[in-house]
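TrEMBL has this to say about the protein:
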{"type": "TRANSMEM", "residues": "22-42", "note": "transmembrane segment"}
{"type": "TRANSMEM", "residues": "54-73", "note": "transmembrane segment"}
{"type": "TRANSMEM", "residues": "79-97", "note": "transmembrane segment"}
{"type": "TRANSMEM", "residues": "124-148", "note": "transmembrane segment"}
{"type": "TRANSMEM", "residues": "160-181", "note": "transmembrane segment"}
{"type": "TRANSMEM", "residues": "202-222", "note": "transmembrane segment"}
{"type": "TRANSMEM", "residues": "234-254", "note": "transmembrane segment"}
{"type": "TRANSMEM", "residues": "261-283", "note": "transmembrane segment"}
{"type": "TRANSMEM", "residues": "303-325", "note": "transmembrane segment"}
{"type": "TRANSMEM", "residues": "337-355", "note": "transmembrane segment"}
{"type": "TRANSMEM", "residues": "367-393", "note": "transmembrane segment"}
{"type": "TRANSMEM", "residues": "470-492", "note": "transmembrane segment"}
Amino acid sequence: MSQKQMKEAFVSNHNGTSVLEVTQGLCLPAFCILCRGLLIILSQHLCSSHTWRTRFFTDFVFLIVPLVATLTILSSFVLLEHLAVIILGAGLFYQIYCRRTCCARMPVQKILEKFLKIGLESEYVPAISCFRVINSAFTAIAILAVDFPLFPRRFAKTELYGTGAMDFGVGGFIFGTAMVCPEVRRKYTDGSRFYYLTKSLYSVWPLVFLGVGRLVIIKSIGYQEHLTEYGVHWNFFFTLIVVKLLTSLLLSIFPLNKSWIMAISIIVLYQLALDFTPLKRLILYGTDGSGTRIGLLNANREGIISTWGYVAIHMAGVQTGSYMLKKRSHVKDWVKGTYHILLTAISLFISLYIVQVNVEVVSRRMANLAFCIWIIASSLILLSSLLLCDIILSFAKFLIKGAIVPCSWKPIQLSATNKKHSESLVSEAERKEPSLCLITAMNRNQLIFFLLSNITTGLINLLVDTLHSSTLWALIVLNLYMFTNCLIIYVLHLQDKTIKFW
């Protein structure tokens with residue numbers, strides 16, 4: 001076998017892992033981000049000076065390093081990781097509580113009552129930004145780590161059925177993008193539907209360029225490919241283009257608050273088509289039943305047909321984003337919202353079990369009903385974990401008046417007479433100080449980070465014999481790769497650069 005064939009075989013024919021293990025791994029970064037915030041609050045209270053280098057190092061250690069470890073050497077010890085992070089967080093929170101400058105002589109119950117009545121201010125919902133960044137970081141690590149032996153094969157993309165950790169990355173990216181799409185942010189409020197569709201059509205040209213560019217480069221250098229992932233010519237950028245165009249058309253016709261109805265309708269009809277028409281056979285075996293790749297449809301059947309599942313995931317993300325961006329005045333309103341999202345996630349996991357037993361198990365290759373339910377449920381679990389951690393972090397900021405934590409809510413004291421006039425419980429410095437935050441930097445230039453990760457992954461695969469690398473060497477390469485990509489994005493952010501192609 002050639003080196004290319006060996007690498008293709010190394011990432012193929014896998015059956016995934018359990019839904020529970022993927023969920024455990026997804027929730028860990030949320031608690032790491034909480035610990036990072038608590039450490040920043042405590043360090044500010046003890047010593048006020050922080051340079052961009054210390055902030056970058058802190059963010060990298062708490063956000064990136066645990067993800068690398070979870071996907072490699074600590075993959076069998078995720079629960080122990082959770083325990084360690086929870087103990088660290090509890091210790092940091094206890095130190096903050098003991099040093100509180102607000103409500104110093106109040107009992108705990110009174111402090112909580114007062115906290116629930118304050119407001120939370122932010123230009124955006126921090127949990128959404130963290131969700132998108134976690135998914136980007138996870139994807140960036142996984143696309144390179146999968147080529148090394150230390151990456152557990154059960155985390156790799158599944159061949160036909162199953163839930164691999166990498167299977168979530170694609171669906172999670174679609175869901176995260178949908179939560180902040182122009183429709184949710186009410187970006188195109190003026191003008192006709194034709195104008196809105198024209199803007200949407202124009203916005204996909206960078207994806208066309210990237211998709212075609214990736215196709216040409218991959219074919220010209222003979223880079224390894226997983227054929228049954230999308231097909232011969234198709235790639236994720238083409239899926240994003242089709243999803244963007246179809247969802248823009250749907251949202252120009254149907255109300256935004258009915259997105260959940262469209263999501264359910266699309267995925268149920270798609271699953272019925274898989275079960276009662278030759279569609280499933282077409283995806284698996286082609287038009288002649290023997291797996292032919294002759295013709296455009298046969299060559300790219302997985303990528304083209306599975307797009308319907310991703311459209312349903314996108315519509316569910318739009319509904320979630322609309323719910324998240326609703327105006328909420330008090331902390332207790334966010335607590336209630338978090339509870340509703342968590343309850344929805346649990347209900348979806350129960351539905352997933354029923355669907356897998358009675359209909360069909362999860363298949364990323366087809367993006368079937370079970371796959372869509374799994375992606376949405378897992379996304380909501382991660383989102384609710386991030387919201388819970390944000391609320392805890394806001395409570396810590398409430399205890400230490402003037403605490404500054406980038407990419408988090410600002411506690412504000414709402415006026416009883418006029419909610420528009422409210423007193424911020426954080427110093428004015430937070431509004432003026434540049435955000436020294438890796439999360440904000442990655443969220444700001446997410447597409448550039450994704451491109452950078454793909455390019456450096458390709459270069460490393462061409463220069464390094466990943467199949468025969470030792471565990472230590474693989475860890476060094478992975479951490480150096482992520483450090484370099486994150487540092488470039490961080491420096492762009494410090495220079496106030498947002499790179500866009502449109």
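Using N, Cα and C of the backbone, Cβ positions are placed for all residues, glycine too.
Note that the structure is predicted; figures quoted are calculated from it, not measured.
Using the rule of three or more Cβ pairs under 8 Å, pairs at least 6 apart in sequence, the transmembrane segment (261-283) is in contact with the transmembrane segment (367-393). Comparing 160-181, 303-325, 337-355 for CB pairs under 8 angstroms to the transmembrane segment (124-148), the maximum falls on 160-181. Touching of the transmembrane segment (202-222) and the transmembrane segment (160-181) is ruled out by the presence of fewer than three CB pairs under 8 A, sequence neighbours closer than 6 excluded. Counting Cβ pairs under 8 Å that are 6 or more residues apart, the transmembrane segment (303-325) and the transmembrane segment (54-73) reach fewer than 3 and are not in contact. In summary, the transmembrane segment (79-97) lies against the transmembrane segment (22-42): three or more C-beta pairs, each 6 or more positions apart in sequence, are under 8 Å. The stretch from 54-73, 337-355, 367-393, 470-492 that makes the most Cβ contacts under 8 Å with the transmembrane segment (22-42) is 367-393. By number of Cβ pairs under 8 Å, the transmembrane segment (470-492) is matched best by 54-73 from the list 54-73, 160-181, 234-254, 367-393. In this chain, the transmembrane segment (234-254) lies apart from the transmembrane segment (367-393): fewer than three C-beta pairs between them fall below 8 angstroms, excluding pairs fewer than 6 positions apart. Only residues 6 or more beyond the boundaries of the transmembrane segment (367-393), in the same chain, are considered here, and those with a CB under 8 A from a CB of the stretch are 19, 22-23, 26-27, 30-31, 33-34, 37-38, 41, 93, 126-128, 130-131, 134, 163, 167-168, 171-172, 174-176, 263, 267-268, 270-271, 274, 306-310, 312-313, 316-317, 320, 324, 331, 334-335, 337-338, 341-342, 344-345, 348-349, 351-352, 355-356, 359-361, 405, 408-409.
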